[in-house]
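Database features, via TrEMBL:
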- 1-18: signal peptide (SIGNAL)
- 49-243: domain 'Peptidase M12A' (DOMAIN)
- HIS138, HIS142, HIS148: Zn(2+) binding site (BINDING)
- GLU139: active site (ACT_SITE)
Amino acid sequence: MGKLNLFFVLLTFYCIYAEEIAENEGEAALENSNLFESDILRSFDTDRNAVVAEKRKWPNARIPYIIDSKLKKQESLIKEAMDHYANKTCIRFVPRKDEKQYVNILKGKGCYSHVGRTSGVQPLSLGPKCYKFGIIVHELGHAVGFYHEHSRSDRDDYINIHYENIQPGYEFQFVKMNPKQNQLLTEFDFDSIMMYGDTVFSKNRQEDLKTMTAKSGRTWKRVADKPGLSESDVTRISKLYNC
């Protein structure tokens, strides 16, 4: 598989194993372990910052879902994250009735989601290390139609990538899109719920070994510590769904 196709595959489906980690290791549950399904390329969209094709957006901004009974204890937190979208945006997560296309929120081995609407039943996994409000809002953001902030084509204007600090074999997680693959709906946003923390994929995940730093010198929060959608996230959703 060519490097470009591999990049597309990696961006299209975020699928990760949760590791046995200490609580202070933050976003390790969000880190990919290269698990992909055979039909990923068929759901690939040419837009890389947010899905652009109408077929990848949810009709009327309504996203049908079901929640695995194994997530009963986490259901209130999941619904709180969904209500956060409803209170801030036009997006509505609605219990599935008879829709053929819907999100199946399951208790998997990590945190992962397809980006935007695909076909049929699409999984959104919340494993044991994913039960944080910010992480759930982040994964729901993928389902709505958004990719990671640090992959934007203009990211080099805002951040430095420290490849020497990245776990060997995970450098592809920091591949930058080219301008033709982007629809940049707003300016780069460190506070976006889609922006990883600065030690993600670090060799030791400690604060002194950063994989990303801001050119301005500012710091930013990890996904798990963010309060939810930023103002920019809200604007992007409004622009993407014309609502």
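Using the three backbone atoms N, Cα and C, a Cβ is placed for every residue, glycine included.
Since the structure is predicted, the reported quantities are computational estimates derived from the model, not experimental observations.
Every protein chain considered, the tally of other Cβ atoms within 10 Å of the Cβ of the residue listed as 'active site' stands at 25.
Following the DSSP three-state reduction, the secondary structure of HIS138 (Zn(2+) binding site) is helix.
With a cut-off of 8 Å between CB atoms and residues at least 6 apart in sequence, the same chain places MET194, MET195, TYR196 near HIS148 (Zn(2+) binding site), listed in sequence order.
When the binding-site residues HIS138, HIS142 are compared by the number of other CB atoms within 10 angstroms of each CB, HIS142 has the fewest.
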